[in-house]
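Here is the structure we will look at.
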Protein chains: 2
Amino acid sequence: MPSPRDHDTLASIGESAALLRIFPRLPDSVAGLLGPGDDAAVVAAPDGRFVVTTDMMIHGPDFRLAWSTPHDLGWKAAASNLSDVAAMGAVPTALVVAIAAPADSPVTLLEGIADGLRDACAALAPGCGVVGGDLSVSPTLTIAVTAFGDLEGRPPVLRSGARVGDIVAVAGVLGEAAAALSLLFTEAVDPLGHPDARLATALRPRTAPQLAPTPPISAGKIAALAGATAMLDLSDGLAIDSARLARASGLGIDFDLASLRAGGADPALALGGGEDHSLLATFPAGTPLPAPFRRIGVCVAGEGLTVDGAPHDSAGWDPYRDWSGSAG
Amino acid sequence: MPSPRDHDTLASIGESAALLRIFPRLPDSVAGLLGPGDDAAVVAAPDGRFVVTTDMMIHGPDFRLAWSTPHDLGWKAAASNLSDVAAMGAVPTALVVAIAAPADSPVTLLEGIADGLRDACAALAPGCGVVGGDLSVSPTLTIAVTAFGDLEGRPPVLRSGARVGDIVAVAGVLGEAAAALSLLFTEAVDPLGHPDARLATALRPRTAPQLAPTPPISAGKIAALAGATAMLDLSDGLAIDSARLARASGLGIDFDLASLRAGGADPALALGGGEDHSLLATFPAGTPLPAPFRRIGVCVAGEGLTVDGAPHDSAGWDPYRDWSGSAG
């Protein structure tokens with residue numbers, strides 16, 4: 001039976017009361033020296049530097065409320081930003097979170113997002129927590145996360161450090177987020193093509209890689225300690241992101257088709273599918289690869305991507321060019 | 001004559017090309033050790049800590065494109081966040097900026113926002129710059145800024161440190177942003193009440209305190225060095241924000257009516273008007289107030305606000321309760 005509080009909206013209880021219901025759900029940050037409540041937070045940066053990345057999730061282009069639960073939204077907003085911190089070889093320490101929501105949103109939406117942020121931090125980056133935020137009104141539900149990390153005295157692992165002969169390796173899944181999105185677009189829509197919540201629920205857990213991904217955050221530090229020469233987060237897909245690493249490093253990459261097929265994966269999805277938030281890293285030839293990294297290719301002289309030596313087109317997804325409001 | 005590039009939209013040129021046009025316009029950060037281009041930026045935090053605050057501006061509730069130029073939007077997004085950093089007694093070092101815009105937005109909109117960010121940093125916090133960001137598609141133009149600051153070894157100035165007998169002082173204007181907003185709502189609307197760009201242009205510079213505020217950012221460090229016991233940024237108005245400081249410090253504040261009238265100001269606007277982003281600070285009795293601070297009251301035993309000893313109602317503005325999409 002719904003409690004009376006389930007009917008509260010942001011407009012009916014106001015910003016201050018909404019924040020009082022959200023704050024206790026947010027995860028604490030071990031690095032937080034001063035948390036929410038003042039004009040700004042204070043966060044520890046023990047080695048005199050901090051890593052920072054920011055990313056927005058927007059209702060429509062980035063998620064559908066018919067498919068994602070509020071918990072999924074908080075989880076994915078945290079996971080995708082934590083992954084960018086990990087890709088530098090850093091350990092995530094803290095997040096700040098700005099949420100803009102329609103005034104008639106139920107407060108339970110914000111509570112669910114807070115729970116997702118908390119559970120993602122606990123599962124993927126223990127010790128990382130939310131140190132501050134902002135709550136606003138918008139016709140479009142928007143979640144902006146800024147994430148911080150500690151390099152623990154190490155140099156950051158850039159995209160540009162790979163050398164010819166380096167092993168190309170990945171930690172995490174390839175193509176599973178895209179396969180799950182495809183499943184949602186084909187099987188979780190009504191006859192008119194609109195997202196359908198009941199059908200989406202029935203498809204869980206097959207859609208989890210898209211709706212609540214579990215990127216290997218701790219692998220970022222592991223790669224750095226193992227001598228990774230370059231690294232990045234796979235957000236736009238292996239083909240487009242590995243081409244970025246290759247371009248920044250001034251070389252080409254040759255993938256092993258058999259490795260891309262490992263575990264029964266579809267190589268086309270493995271190369272083309274975005275949003276896995278796995279980590280792509282390069283290591284000097286001969287490096288014993290640390291778990292959870294597995295070899296998928298090698299850095300070669302030249303430019304561009306090949307698969308078993310055959311050229312691969314690395315054209316990819318662009319949010320401004322390819323997004324259609326009607327098609328989703 | 002408009003150049004062909006004036007017709008480019010985010011959708012027509014794509015995210016990568018848009019970023020290439022924005023990056024050269026963004027201000028450099030002296031503290032930026034690694035800027036845009038990798039998965040995350042790296043920023044210096046010389047004393048082993050950093051101050052962080054985040055704030056979103058949303059088309060509709062927070063600004064109107066008919067009234068604000070793109071330059072204004074970038075300027076105000078920077079200024080309002082820099083002010084939260086200053087309110088801790090810190091010196092702003094860097095920003096990250098996430099922008100979500102409709103796919104049919106002209107690229108010149110983003111260029112103007114970038115120019116505003118650059119000019120605000122140069123004018124208000126020299127040395128502070130943009131170290132990273134994110135560009136997304138949204139039906140609602142949204143600008144999320146996260147700002148960082150350096151405490152230079154000092155403790156942060158909190159809201160909770162004021163003591164009975166402390167001087168209450170302000171740096172910056174009082175009520176001017178609200179007066180400018182009122183002017184826009186009465187004189188920059190067409191007969192149907194819709195924002196009108198031509199009328200708004202004619203009202204400049206009287207509307208600048210609302211559209212492109214110039215908060216006294218350097219006063220934050222000045223207050224800290226002068227021994228400020230508490231401080232905050234006046235974003236929701238003197239009455240509501242000073243009540244927060246009073247509550248956090250466990251005391252009351254008595255304002256001098258004559259001080260609130262200084263310079264011909266309307267005391268009701270000075271107390272009730274939001275968005276000035278001036279700094280309210282308390283100093284031990286007898287402290288020679290450093291410029292640009294001026295005395296406006298005193299901390300007293302008890303709770304709540306008084307003006308020349310008479311009770312003042314501190315109820316204020318709440319974004320969820322008071323915003324109406326039609327009325328603006």
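A Cβ is built for glycine as well, from the same backbone N, Cα and C atoms used for every other residue.
The domain 'PurM-like N-terminal' feature in TrEMBL is assigned to A:37-149. Annotation comment: TrEMBL describes A:Asp39, A:Thr53, A:Asp84 as Mg(2+) 4 binding site. Positions annotated as Mg(2+) 3 binding site by TrEMBL: A:Asp39, A:Asp84, A:Asp233. Summarising the annotation, TrEMBL assigns Mg(2+) 1 binding site to A:Thr54, A:Asp55, A:Asp134. Positions annotated as Mg(2+) 2 binding site by TrEMBL: A:Asp55, A:Asp84. TrEMBL lists A:Asp62, A:Glu275, A:Trp317 with the feature substrate binding site. Taken from TrEMBL, the feature ATP binding site applies to A:Gly133, A:Asp134, A:Arg159, A:Ser235. The domain 'PurM-like C-terminal' annotation in TrEMBL covers A:163-261. Feature annotation from TrEMBL assigns Mg(2+) 5 binding site to A:Asp236.
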Work through the binding-site residues one by one (A:Asp55, A:Asp62, A:Glu275) and name whichever has its CA nearest to the CA of A:Asp39 (Mg(2+) 4 binding site).
A:Asp55
Check the Cα-Cα distances from A:Asp134 (Mg(2+) 1 binding site) to the binding-site residues A:Thr53, A:Asp62, A:Arg159, A:Asp236, A:Glu275 and tell me which is shortest.
A:Thr53
Considering only the binding-site residues A:Thr53, A:Thr54, A:Asp62, A:Asp236, A:Glu275, which residue has the minimal Cα-Cα separation from A:Gly133 (ATP binding site)?
A:Thr54
CA pair A:Asp62 (substrate binding site) / A:Ser235 (ATP binding site), Å rounded to integer, equals 12
Pull the DSSP breakdown for the domain 'PurM-like C-terminal' (A:163-261) and write it out as helix, strand, coil residue counts.
46 helix, 16 strand, 37 coil
Mean predicted confidence [pLDDT] for the domain 'PurM-like C-terminal' (A:163-261)
96
Separation of alpha carbons, A:Asp233 (Mg(2+) 3 binding site) and A:Thr53 (Mg(2+) 4 binding site) (Å)
12
Taking all protein chains shown into account, the Cβ-based neighbour count within 10 Å for A:Arg159 (ATP binding site) is 22
For A:Asp55 (Mg(2+) 1 binding site) and the residue listed as 'Mg(2+) 5 binding site', determine the Cα separation and express it in whole Å.
13
Select from A:Asp84, A:Arg159, A:Asp236 the binding-site residues whose C-beta atom falls under 8 Å of at least one C-beta in chain B, and return them in sequence order or as 'none'.
A:Asp84, A:Arg159
Output, ordered by sequence, the same-chain residues six or more apart from A:Thr54 (Mg(2+) 1 binding site) with a CB under 8 Å from its CB, or 'none'.
A:Asn81, A:Ala144, A:Val145, A:Thr146, A:Ala147
Counting other CB atoms within 10 A of each CB, which of the binding-site residues A:Asp62, A:Asp84 comes out lowest?
A:Asp62
Using A:Arg159 (ATP binding site) as the reference point, find which of the binding-site residues A:Asp84, A:Asp233, A:Asp236, A:Glu275 has the shortest Cα-to-Cα distance to it.
A:Asp233
